[in-house]
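A.B. asks: Sharing a structure below in structure tokens format, with a few things to ask.
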Amino acid sequence: MNPDLRKERAAATFNPELITHILDGSPENTRRRREIENLILNDPDFQHEDYNFLTRSQRYEVAVKKSATMVKKMREFGIADPEEIMWFKKLHMVNFVEPVGLNYSMFIPTLLNQGTTAQQEKWMHPSQELQIIGTYAQTEMGHGTHLRGLETTATYDPKTQEFILNSPTVTSIKWWPGGLGKTSNHAIVLAQLITRGECYGLHAFVVPIREIGTHKPLPGITVGDIGPKFGYEEMDNGYLKMDNYRIPRENMLMKYAQVKPDGTYVKPLSNKLTYGTMVFVRSFLVGSAAQSLSKACTIAIRYSAVRRQSEIKRSEPEPQILDFQTQQYKLFPLLATAYAFHFLGRYIKETYMRINESIGQGDLSELPELHALTAGLKAFTTWTANAGIEECRMACGGHGYSHSSGIPNIYVTFTPACTFEGENTVMMLQTARFLMKIYDQVQSGKLVGGMVSYLNDLPSQRIQPQQVAVWPTLVDINSLDSLTEAYKLRAARLVEIAAKNLQAQVSHRKSKEVAWNLTSVDLVRASEAHCHYVTVKVFADKLPKIQDRAVQAVLRNLCLLYSLYGISQKGGDFLEGNIITGAQMSQVNSRILELLTVTRPNAVALVDAFDFKDVTLGSVLGRYDGNVYENLFEWAKKSPLNKTEVHESYYKHLKPLQSKL
């Protein structure tokens, strides 16, 4: 164990194990998660190949092998609970993206959300056993987030009771679905439904694309891999072109919308019901943002405690770089953000489960807010985590650029989340659409509930400058209630500004669509403010439920740091709205620096509490034992370029050149 890391852990003011229990949901969850992790670590079939030294084809093969082993082992160990499956996959796949992943994250959830009982009976068991390997084919070459623009067609033929699937243009070719290129034999395809000469919009169809047994593409199907990408090298993101490809009528998922044998269309109770899978995945991505940012913080903070560089006082030993205030200012707000997103991820997951249960009983009243909240928070958390991971990499100096640090892989694997499952700016605008509707309802005298209830205060003009002039004297920068209120006022103000600017554009005889585009920067700002408020509120609301005083104190400081750092970064909004004064902004900045000092003794223990195994981090710099330099040298020796003392290119190109000189 590196002596600096041993000293850091001994200096902590709390027991990290207690925070691990909180993050896992309970001590029993922690026990069970570790039990599952040990099943893998102690299994001779579990091999961890260093993906950094593999070709793309090798990475794909290893990932497929791991996926197959994973399914066999889950059967062997009797792992069936969704949360336990997630724990198992995380450690078993390590830093490999699984080519069969969309079978579990999209194909099966879509069957559950949109399939009838008969359809679930037909396809669920084979897909769980990987007889059917499914993917989710929505995105096309020419359209992604704009679903209405998708061009793939499914035309119903009542004579044969079949749908005829076509990719009528180059831009209509399905493009990007994970696992489509080489792995999947079925896809849930989103296509424009045409029956009796009329188009009824997007619907989901279960489409066999490869023959089971031979795995060869079926007639009428053109399918393949789209080529190398920024990351995800082991994932076979693919393309799919369909030419007059016929599937039975029963392959349309018909839990909500239906097509009768004669071609009659039966519309769903709500069009939003078909967005179930996207809402599920977006809610999952909030937790994924927390996980990825936590990994990067763990690596950067441990390494910053091990790395000694430069000097603060002359003639003294080189300090740990974690002692530099600038390093703390880079990393500790990100650590606080990782914790905020952990609690937010759990909140959104529980909210999704609760509302999904209500939807199952026919109550759709909370669906619009759930749709808006998951869209906005998906964008807010993935943007923030994406930038934070890169900040962690740069905080590791030159070694952060090496794949040995593990952070480049975390970054390239996470960054697509800013565009997949809805491009982030468009997601923010979806949230804004909901906020504008709520604003209009409040203006017409209706009281609203949920996370937007703060807009009820607008008609009383409590957010107008003359009314808020007294507010600055009440702001207590050490009170989380007071800071949550400040975020609430910022959100309300920016929602109102966006709404009034939108109305002004419409009153200038602009069409609603043009007015929306001309107000879109304000609308995104309003959504971001709403999401920021929700995050602060969820984090602050979690603290009173924590029993241990030492743990509560540490997390309270992180929550304060998260809230105050956000105010300093968005200072213009708080100052313009007279929510805080210039003098208070100076206090905020001073308090942030104090909180860095307070957090410093607990920084390593706080990342230890995430409880990542070294094999999960895949990092030489972020090792639990802190033995960085010895292992960095050993890692470099594994480079394929070092297999020979003299590379063959020397004999081919350099030696002939030198002999002629």
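Cβ atoms here come from the backbone N, Cα and C positions, even for glycine.
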A.B. asks: Among Lys65, Lys295, find the residue to which Swiss-Prot assigns the annotation N6-acetyllysine.
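C.D. replies: When Swiss-Prot is consulted, N6-acetyllysine appears for Lys65.
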A.B. asks: So which of Lys72, Lys330, Lys542 shows up as N6-succinyllysine in Swiss-Prot?
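C.D. replies: Among Lys72, Lys330, Lys542, the one Swiss-Prot marks as N6-succinyllysine is Lys542.
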A.B. asks: May I ask you to name which of Lys122, Lys182, Lys313, Lys512 Swiss-Prot has annotated as N6-acetyllysine?
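C.D. replies: Of Lys122, Lys182, Lys313, Lys512, Swiss-Prot lists Lys512 as: N6-acetyllysine.
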A.B. asks: Could you check which of the recorded positions (Lys89, Thr139, Glu421) sits closest to Lys500 (N6-acetyllysine), going Cα to Cα?
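C.D. replies: In terms of Cα distance, Lys500 (N6-acetyllysine) lies closest to Glu421.
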A.B. asks: Quick one: what's DSSP say for Lys241 (N6-succinyllysine), helix, strand or coil?
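C.D. replies: Where Lys241 (N6-succinyllysine) sits, the three-state DSSP reduction gives strand.
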A.B. asks: From the Cα of Gly178 (FAD binding site) across to the Cα of Lys89 (N6-succinyllysine), what is the distance in angstrom?
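C.D. replies: Answer for this pair: 17 Å between alpha carbons.
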A.B. asks: Where Glu421 (active site, proton acceptor) and Lys241 (N6-succinyllysine) are concerned, what is their Cα separation in Å, rounded?
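C.D. replies: For Glu421 (active site, proton acceptor) versus Lys241 (N6-succinyllysine), the Cα atoms are 21 Å apart.
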A.B. asks: How big is the Cα-to-Cα gap, in Å, between Ser26 (phosphoserine) and Lys90 (N6-succinyllysine)?
C.D. replies: 19
